[in-house]
Amino acid sequence: MPAFSSHYALEDIVELSQRDDLGEDTPVLRATSDARTAGYDAVCVPLTNEKWKARWTELCILDPEESPDKLVIEQRAEAWRSKPAFFRDEVTISRLEEAENLIPLISDWLELDTSDDWVRHDAEIALQQELAFASYLNAQCAILPPPSNRTQVGSYARAINACLASIPYMELSVRIPIYDPATVLPGPSRSPSPVESAPPSSATGGTPPESNMTTWEMWDTIRTICGYNPRLTLALDLTPPLPLSSSVLDQWLAEPVRHIWLPASAFIANAKGYPVLTKGSQSFIRDIVKLQPNIILSGTRAKKHTRGGEPAYAQYVRHLEKTSPAVKAAQTAGTVENFALGYQDYLQAPLQPLMDNLQSITYQTFEQDPVKYRNYEEAIFFALSEWPTPGKVTLCVAGAGRGPLVARALKAIERSKREAFVYAVEKNPNAYVTLQERHREEWGDAKVKLLFGDMRTLEVPEKVDILISELLGSFGDNELSPECLDGASRFLKPDGISIPSSYTAYIAPLSSSKLYNETRATKDPKSLETPYVVMLHAINILSDNGGGISGTCGPQIQECWDFEHPRKDAALTEQGLPLTNSHNTRSAKLTFHIPNAGVLHGFAGYFEAVLYGHVGLSIHPDRMAQISKDMLSWFPLFIPLKDPLYLPADSELTVSLWRLTDVRKVWYEWYAEAFLPVPSSSVHSPIWRDTLSPMSPSAEHGSFLSPVVSTPTFVSSPLLDVPQLTLELPPQHSDKTREGVSLVKISQTALHNPGGQSSWIGL
């Protein structure tokens, strides 16, 4: 749950100091006490007062030439610069107990980004002084004044970086307006409006850009110069009216938003006079509360609204929190959001099922997923019901674990009223003990026969009709399901079927400062080239479903490759095994449209599997609710980048991904390039126009490694046969539209994980 803090301005502190009932309390202690009584968790108070501002201004701003005491002022200024210190009457707090449950506000008049070098230098000294005093009082976090000069934001960031180095342990939160109102032009609304909007002017050629993202770009510059320091966070200021575009707002969901500054002036009065937020603000608050920020309410004692008083503001925001879809899902038992509480954005290494024997607790975690096993049972039931020949049907569960699929297969057999027998194959000697117990207590020899060994080399007593396995990873094939089923397919009769029958991998470019910091926290360079299983939370998908200016971009989430079982074109040995593993290599080259400026930190990986017919499993964000809602067994895959890649608005990102193998292992390699559409007449260097360019697609869309077409523009799921669930992109731009536009390459990443040097899955 988010915390709530009450902002006390200097005028409020002065007013409290004049009360007769303070007793031994200081004004700040009384403010804290009043706030706690009103239901707040903390107070937010300026660290210094006007006397400090007046002294600093006298020393550092006023022109000494106009003062008769020029030499004296210069000497005093130099003395202060050499040993910065406060006088007691210049600060609002001085006791340790005052600093408890208090967030200090650093002086907002410090010009850390002014063009005047001397003023900027003295402002940095004052900043260091204020932070040192806050640290002395054991403040855990301080809120810094916002940058105001785009041309000197680098100087601002350098000063903050110096403070992070000199003030240990304290978190510094930069106050940033959510956007610059001067840069935002009319755009589509976040929510439906009862008033029909005017059509775009023909003079402008359509709807103008929504925003140049100035405030986000300033933040990106600051955190980049500060090296993504985990102690640098955001205090997002909602003082300006929120922009109408959700894409501008979504950018902040991937940032370390620790505080939300929400003034009373951002509220409007409803029909009864109570304070409420606009539709756009409501939507944003409902989205951002999933990050559990501290909501700082300011100006709530000024009686700007006729009804409700001060408590009404916090009550209203708490109501928005309760109605947030993310919060409701997290509080609902049985949802993946509830199951994943505490694991959001937590990096987990994928399983090594062939190299390692899983622990019983791991099996137990996966067995808690009712959706997966329900869908498996349905798939087996339909396969048995539609089996074309009478008589006994033989099934084999390859990789039986502790037996959940065996139990579901027996239920499906009972429901179908077919005569059937099940072989259960397992290589884990420890899990095999559990299987033996369940075989003795539940199943018996008449229904099930256990077989101990590796499915790739084990011999079964007879060929089977249906092969059942649950070997899928978060990316479909990343736990070696293709390699395992190459061996297990020997068990199948020529007309036998596999459950699953196919699975497909998908990726999307994402931004997440949290995940980037998590991958580099170990200081091991290999961690930056290792795919992780992650419950994605504080992220922003950078791509959209537009075709881009070039018209060659695919959908927001794109298909990489797929695998089908059993393979029909396999070259096999006498034992029925493939000669090499080269048939399981794959590659994809995909192009994404990036509508708004952002920073690429990696890629989200998903999968979708067809079990049988229209029964399947999916963690594809657009389709999982229809195919396997609230399935718990798989979180997405996060494929990181070693270094963030800045992508300007309307750029195009080309991603190359390979699945490679040798005799010992399977691994992934990945690489990305960014292109910017520009008028051809403005380009005076050779344009990237060979067959690798997204502007010049090859006649052979696929590669020799994979028959999958790169950058699909039409995406549908075999599991969804309802027309409205099919995702179809707008028509591509015609050649006439693209005439005079070229793509210029602006940046690229390194090739990640070449040769599997950092991460691989052992065969």
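In case you wondered, yes, glycine gets a Cβ from its N, Cα and C as well.
Sequence annotations record features per position, and here TrEMBL assigns active site, proton donor/acceptor to Glu470, Glu479. Feature annotation from TrEMBL assigns S-adenosyl-L-methionine binding site to Tyr363, Lys372, Tyr373, Glu426, Asp454, Met455. Look at TrEMBL and you will find 188-202 tagged as compositional bias 'Low complexity'. Annotated compositional bias 'Polar residues' per TrEMBL: 203-214, in sequence order. Annotation source TrEMBL lists domain 'PRMT5 arginine-N-methyltransferase' at 337-499. As annotated by TrEMBL, domain 'PRMT5 oligomerisation' applies to 502-761. As annotated by TrEMBL, region 'Disordered' applies to 187-214. The site 'Critical for specifying symmetric addition of methyl groups' annotation in TrEMBL covers Phe366.
For the recorded positions Asp454, Glu479, the largest tally of other C-beta atoms within 10 A is found at Glu479.
The average pLDDT the prediction assigns to the domain 'PRMT5 arginine-N-methyltransferase' (337-499) is 94. For the recorded positions Glu426, Glu470, the greatest number of Cβ atoms within 10 Å around a candidate Cβ is found at Glu426.
Cα separation, Glu479 (active site, proton donor/acceptor) to Glu470 (active site, proton donor/acceptor), rounded: 10 Å. The two recorded residues, Tyr373 (S-adenosyl-L-methionine binding site) and Phe366 (site 'Critical for specifying symmetric addition of methyl groups'), have Cα atoms 10 Å apart.
For Tyr363 (S-adenosyl-L-methionine binding site), the same-chain residues that are 6 or more apart in sequence and have a Cβ closer than 8 Å to its Cβ are Gly401, Arg402, Ala431.
Within 10 Å of Phe366 (site 'Critical for specifying symmetric addition of methyl groups'), judged by CA to CA distance, lie the following recorded positions from the set Lys372, Glu426, Asp454, Met455, Glu470: Lys372. Across the residues annotated as binding S-adenosyl-L-methionine (Tyr363, Lys372, Tyr373, Glu426, Asp454, Met455), the two Cα atoms farthest apart lie 24 Å from each other. The two recorded residues, Lys372 (S-adenosyl-L-methionine binding site) and Glu470 (active site, proton donor/acceptor), show a Cα separation of 10 Å.
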